[in-house]
Amino acid sequence: MGFDNMANKDTVEQFLDNNPQFAKEYYDKKVKAEVITAAFNNQVKVKEPTSYKDVSALQEAEFIFELVKEMQGTEPMEKALHKILQRIALLIQADRCSYFGCRARNGVPELSTILFDVTHNSPFNINLVNPNVEIVFPTDMGIVGWTAHSKKAQNIPDVKKDKHFSDFVDKQCKYTTKCMITAPIMNEKEPIGVIMALNKQGANEFSKSDQELFNKYVNFASVVVLLAHTASMWDIESRRSQVLLWSASKVFEELTDIERQFHKALYTVRTYIKCERYSVGLLDMTKEKEFFDEWAIKLGEQEPYKGPKTPDGREINFYKIIDYLLEDKEEIKVIPGPPADHWALVSGLPAYVAENGFICNMMNAAADEYFAFQKEAVDETGWTIKNVLSLPIVNKKEEIVGVATFFNRKDGKPFDENDEQITEALTQFLGWSTLNSDTYDKLNRTEWRKDIAQGMLMYQSTATPNDVQTILVNKFGSGPEDCDQKEMYKLANIPEAKTVELHEFHFSDFPLSEFELIKCGIRCFFELGVVEKFKVPAEILTRWMYTVRKGYRDITYHNWRHGFNVGQTMFTLLLTGKLKKYYSDLEAFAMVAAGFCHDIDHRGTNNLYQTKSLSPLAKLHSSSVMERHHLEYSKTLMEDENLNIFQNLQKRQFETVQHLFEVCIIATDLALYFKKRTMFQKIVESIEGIPEEKEKVNYVSNNATRKEIIMAMMMTACDLSAITKPWEVQSKVALMVAAEFWEQGDLERTVLDQQPIPMMDRNHADELPKMQCGFIDFVCSFVYKEFSRLHTEITPMFNGLNINRGEWRALADVHEAKMKAIEDEKKKLQGGDAQGERRCLKSHSLLLILIFALSPGSHCLPHLFLLPVKMAGRQRRVLSARPPGPSEHL
Ligand SMILES: [Zn+2]
């Protein structure tokens, strides 16, 4: 039998009456508004029934038709449902009826009022519950809860005698429930709502026929609710798939930068996440701090971190927040280094989610006792936080890389399980996206490494047997490997330390050839006594020293001569400067070796240039770009057994050497100088206050951190030592440094099409003396002054510096006098003093730049003296990704 044959309304009604099960099943599974429309295409006018007595079967059929019409229209489901509830109230003489919707949050099912206190003639807009005032209770509460839980209709003649009854809602509404009748609305096996009728008028309980009538109308209600439910599920499904689709396309579009990826995905899905705002906090992925960031904590100058940590042990640090404000006009705010009282963080919920990995779905956030959400408006828009859904973004390694928090669903209702699912799908995707990026990143890193390796090959190869033999000759003419090493060096013509003034602070490499400097390098290790102590084979030491030399490129300043000078100064600080007493032989060995290696494979351009020119090195290292490269290069040499001067060390000793190489070489990044100088000064002051010599030594040598800080400052003293050399050396070296800067400036102009800063601009060459004075005053003076305070043996360096300061000042004065003469001349010609003022301004602003550049954390730093910008950094890499495990719920 088909519906199309049933034009007769009575027949329809009769049929539905007699086959409620069929009707329900049919509607449950198949019904579509269009089908029903097609079946009932007659217009039927429904009269407003005046009393239940007037209700006839015909009217009832009319009522059903009206319902059907409403269902296919654009009216909300609640409107049709309201009609049904009114009808029920009328027919079974219930005092009032209500409809509760089922939903789940945090995995817990609950019921909320949707249509409340419907009487046979109460207006819809009064009965429809505003989400702000809905009554919510769990399904283990009350008879309505029990109806949803048991999925069975209930007819309770006296609620006081029913164990499931709860007066929770009665109390809230100041109402007394006596008897009630309820029925669940089911979708397949799950309840999606409960219809309830209260207090039979004119009787104490609902009769059996009331129950039948009630059930009949519940069936109609089911159709209405199911239709709406299907539509909303479809909407959710399509949103879910769109979220995935969009994230996918956007995520795969941008593969290089995780942040941009997150941002793009989140931005694109904003229309599908129906909420007023969301905020994404990105977590610092650093597991271990840089050695220099731990100094202050180890010295007790900074409180160790005591806050919550991620499950994998990271400190919870939201290094950046992206806020999506979608209430009225869209706005996206990126907040690097957000303050702890930022509105999205201040509650502590994102940190909690990052700590536990939970998905947290909270309604009425302001009332929460555990998390202190901002109750007032968070900003000038007057927007306040109501409902919150927060969830972790987890990568493949199950590491939490960020926290996404969604605020205030647009319809005012709390977030439900569908929102949880939709956002979880999104955050999963973001987690996966880090996988892609990571794979890609790894691939690229391999590529970059290859580029770098190729670059290295061009400049460097290990010393050939011939090279080695030029140093290690023996009288029998056989290969060096057959020879006793001590014997060999005796014959090898290694210069005596005294002859070349190797122990002197005023040592100059000028009289020596680059080849002789290799031999001098070897001599340093013999003078230190480490060759025999650590069983360094002569051939290996020779080959290593030769290879280090070859690792330096033939550039204007950062060449082998500079590398050698740093190693030599370290050697001199240790022995002549008597700093050796704080360090073991092994440490001294590593420090001098690191000094020789510290600028290996330098390209004559600074860190900022690497970043700006997108060099492979800048892609590989996010901070201290060049220094990390020098370090890696040096470590690569150690990996080659033919070059490894540390090959006869025990494992622990070898690890110590590797660590010291890191401290020493990274310390030459001048950007870190400003981090360490106060700590260094405090150590010097403390030592000064210790009367006993033995105690002084113990104070340093028994404390690894103090040793590291002094060591790091020694590296700076070595690296800048040219400024302390006799004037005839310094004046030449300064020109070489400047020449290399100018070459970089030329590159910036030609390759990058950028105007170089004055220091690198050869058009400003005549300002060199003034810049040198600034450099001495703001950077160098401190270093040598403090070292002279620490050990008077080091005073020659400070003296040398001061002499050079005088020389540069004199030159600067000459230049300035010349400039002044020129300008006075101009002034005379022009008859005004505008020029003079401008000049004044100019030198004033240079001073400002200097001061600004030298304040810690300043981003101007790299522009000025020497080096690198990217302060140890914000730019973190998230390692990899897999979908998160089963999410835990609160
Ligand atoms: Zn250097």
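Glycine residues also receive a Cβ, built from the backbone N, Cα and C atoms like all the rest.
Keep in mind that what you see is a predicted model, and the values were worked out from it rather than measured.
Residues annotated as domain 'PDEase' in TrEMBL: 464-815.
What TrEMBL lists as AMP binding site is HIS558, ASN559, TRP560, ARG561, HIS562, ASP599, ASP719, GLN772. The Cβ of HIS562 (AMP binding site) has TYR552, ASP599, ALA722 as same-chain neighbours under 8 Å, each 6 or more residues away in sequence.
The annotation active site, proton donor is assigned in TrEMBL to HIS558. Within 10 Å of the Cβ of HIS558 (AMP binding site) there are 24 other Cβ atoms, across all protein chains. DSSP gives HIS558 (AMP binding site) a coil state; it is part of no helix or strand.
Reduced to three states, the DSSP call for ASP599 (AMP binding site) is coil. When other Cβ atoms within 10 Å of the Cβ of ASP599 (AMP binding site) are tallied across all protein chains shown, the result is 26. Positions annotated as Zn(2+) 1 binding site by TrEMBL: HIS562, HIS598, ASP599, ASP719.
Summarising the annotation, TrEMBL assigns Zn(2+) 2 binding site to ASP599.
Annotated transmembrane segment per TrEMBL: 846-867, in sequence order.
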| said: For a quick check of packing: other C-beta atoms within 10 Å of the C-beta of GLN772 (AMP binding site), how many? | reply: 25
| Residues among the binding-site residues ASN559, TRP560, ARG561, GLN772 that border ligand 1 - Cβ under 6 angstroms, in sequence order | none
| note | Neighbouring CB atoms within 10 angstroms of the CB of HIS598 (Zn(2+) 1 binding site), all protein chains considered, total 27
| request: Round to a whole number and give the Cα-to-Cα distance in Å for the pair HIS598 (Zn(2+) 1 binding site) and GLN772 (AMP binding site). | output: 23
| Near the Zn(2+) 1 site, what residues other than HIS562, HIS598, ASP599, ASP719 in the same chain have a C-beta no further than 8 Å from the centroid of the listed C-beta atoms? | HIS558, GLY563, ASN565, VAL566, GLY595, HIS602, HIS630, THR668, CYS718
| Between 0 and 100, where does the mean pLDDT of the domain 'PDEase' (464-815) sit? | 89
| query | Sequence gap of 6 or more, C-beta under 8 Å: which same-chain residues meet both conditions with respect to ASP719 (AMP binding site)? | reply | VAL566, HIS598, THR668
